[in-house]
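Annotated features in Swiss-Prot:
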- 8-19: compositional bias 'Polar residues' (COMPBIAS)
- SER28: phosphoserine (MOD_RES)
- SER30: phosphoserine (MOD_RES)
- 41-51: compositional bias 'Basic and acidic residues' (COMPBIAS)
- 59-70: compositional bias 'Low complexity' (COMPBIAS)
- 96-163: domain 'GRAM' (DOMAIN)
- 259-268: compositional bias 'Polar residues' (COMPBIAS)
- SER274: phosphoserine (MOD_RES)
- 281-295: compositional bias 'Polar residues' (COMPBIAS)
- 372-543: domain 'VASt' (DOMAIN)
- SER550: phosphoserine (MOD_RES)
- SER581: phosphoserine (MOD_RES)
- THR584: phosphothreonine (MOD_RES)
- THR585: phosphothreonine (MOD_RES)
- THR587: phosphothreonine (MOD_RES)
- 623-643: transmembrane segment (TRANSMEM)
Amino acid sequence: MKGFKLSCTASNSNRSTPACSPILRKRSRSPTPQNQDGDTMVEKGSDHSSDKSPSTPEQGVQRSCSSQSGRSGGKNSKKSQSWYNVLSPTYKQRNEDFRKLFKQLPDTERLIVDYSCALQRDILLQGRLYLSENWICFYSNIFRWETLLTVRLKDICSMTKEKTARLIPNAIQVCTDSEKHFFTSFGARDRTYMMMFRLWQNALLEKPLCPKELWHFVHQCYGNELGLTSDDEDYVPPDDDFNTMGYCEEIPIEENEVNDSSSKSSIETKPDASPQLPKKSITNSTLTSTGSSEAPVSFDGLPLEEEVMEGDGSLEKELAIDNIIGEKIEIMAPVTSPSLDFNDNEDIPTELSDSSDTHDEGEVQAFYEDLSGRQYVNEVFNFSVDKLYDLLFTNSPFLRDFMEQRRFSDIIFHPWKKEENGNQSRVILYTITLTNPLAPKTATVRETQTMYKASQESECYVIDAEVLTHDVPYHDYFYTINRYTLTRVARNKSRLRVSTELRYRKQPWGFVKTFIEKNFWSGLEDYFRHLETELTKTESTYLAEIHRQSPKEKASKSSAVRRRKRPHAHLRVPHLEEVMSPVTTPTDEDVGHRIKHVAGSTQTRHIPEDTPDGFHLQSVSKLLLVISCVICFSLVLLVVLNMMLFYKLWMLEYTTQTLTAWQGLRLQERLPQSQTEWAQLLESQQKYHDTELQKWREIIKSSVLLLDQMKDSLINLQNGIRSRDYTAESDEKRNRYH
């Protein structure tokens, strides 16, 4: 079942910001990666009910398998799932609750997503916010005090992000002409606001969602397991690369016929090609597994091919010789074009041959765009596109050495199978070594590789890989998609682009999501830097071998591989070397400047300058380290304070016990039963009585002594006062007589 979930997984849209208004929308007419074959299913009551949205065979298998597994579970499975459904209801149950709660809404309204939040009135009413195509609804039930609110999207005049108590950024305010509704306590305020804003703009522009688009958002919010049954006939599975709002156009039949005819003609013109795909299309695309297998933690590896390419060394020498000698001959060739478009772009082909069989008219554009996650590799190598394909996707010495460095083991390759839409896919199982301390030492990986039928030999290869990593933390929450794009730049130059995307089966918590993404992106960055470094070393080795060869061997090789007309001396363009100087081949010094990491989920692009992602990650790591140290210090301080408090309590209890009577004199809880026990009790009581009498005697004796001392002191005081009075009287008498 895991192999079929890719087609129903939502990809991030390039319209995830309010700045991308539907007015500025452009409808893409590029072919989708997955062929549209199969039965059609139309949403009931939709304005696009006449449009037919075909579902892929994989998606049909997914629904049938889920329904069969649901029926075959038996009573035990129903009993075991009942409690889980109560705690985590499926999308179908939520949609039924939505229709029961808001019966006044039209029957055509289908729930798209619901969020837990609170509505601010006299008090905060905790409940759930329901979003449909044309309505915003809220329901709260607090001790049987129900609150229902419905707002038509067309009636909304403003929608803003707000802060609760002017401090906490977790609120959204929706204003109509007469009312204001303040929703707060959102767990993911920005994501909720983006969804509400999209639906609001579509409602204002009167552009309803087509069935594919609606179910795309449902899958994006609820995952793949929707709990649907065969009774839900309005289900329309979205396309694999459905990532834009308003994309409801179908590709014209003429374009499909042209593509089919072109692919057929390419097959017929190549007698060595496979009946399924062009010759290089059926080669096992092995490297696709390597990058994506590093999520969510930093683990390495690369699977190995079973097939062996014979004569690989001679082919490498011939292509490298052809590259060097061909460029020298082309500098002397006449320029047939009236003008040359030279600039600082390093991706411009350097060959100017007038031969029509070399197809060097320019760089080939890939038939599919990069994924919307991050782009890790965007590099031009001095290999032909077929040679680069052989290095990366066959059992070449380069691949074996790289595998040994990445430490892969237990590799199992399943054979390629041709799908009904013309693509080819296979499953690879292998074991990787993990270095993250929070994960096990090893983990098993299941990878499903898909080579699209539009891939052509000597032109372009596009390979996608869906990677499921088991035995790692939260492995059931996410999976990864890697897209490898190999395009021809010149006859012996090709471009390798690798883009990755992290997709979620279930929406994790904020902390869990941060943990997954941190390990995922760091592992991929390390892997792809290593891959590009090894490719650059291999390229330098090939060029060095060419320079060591003799001139005669070079001449013989060049004449056998490539024949060109030598121009006359009077037809040579003057200063052609100076004109060609800006067009240079990639060097080792440029490697560090060509790997650009484009963060974000809206778009993937090539940035000409270095981004401070490494510094930012380092700063974040230092900040986390400081926070961890502060937390540890606080915990140690709390432990010390608790120990001091315990010591004081223990001393207080000990002091209290010393102030009480002897433990042996206390009345026991159990009364004496025998005469001996009574005698012991009386004896102890007598001792206690004697002790108390002795204490009182000592106290009384001490009191008597103190009283005697006090008496003596008072007598002395009295005598002193009398003597002073007598002296004063005698002095007074003397004064009288004199």
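Glycine is treated like the rest: Cβ placed from N, Cα and C.
Note that the coordinates shown come from a computational prediction; the quantities given were computed from them, not determined experimentally.
Long-range neighbours of the transmembrane segment (623-643) within the same chain, counting only residues 6 or more positions beyond its ends whose Cβ lies under 8 Å from a Cβ of the stretch, are absent. Mean pLDDT for the domain 'VASt' (372-543) in the predicted structure: 84. Residues in the domain 'GRAM' (96-163) partition by DSSP class (helix H, G, I; strand E, B; coil) as 9 helix, 38 strand, 21 coil.
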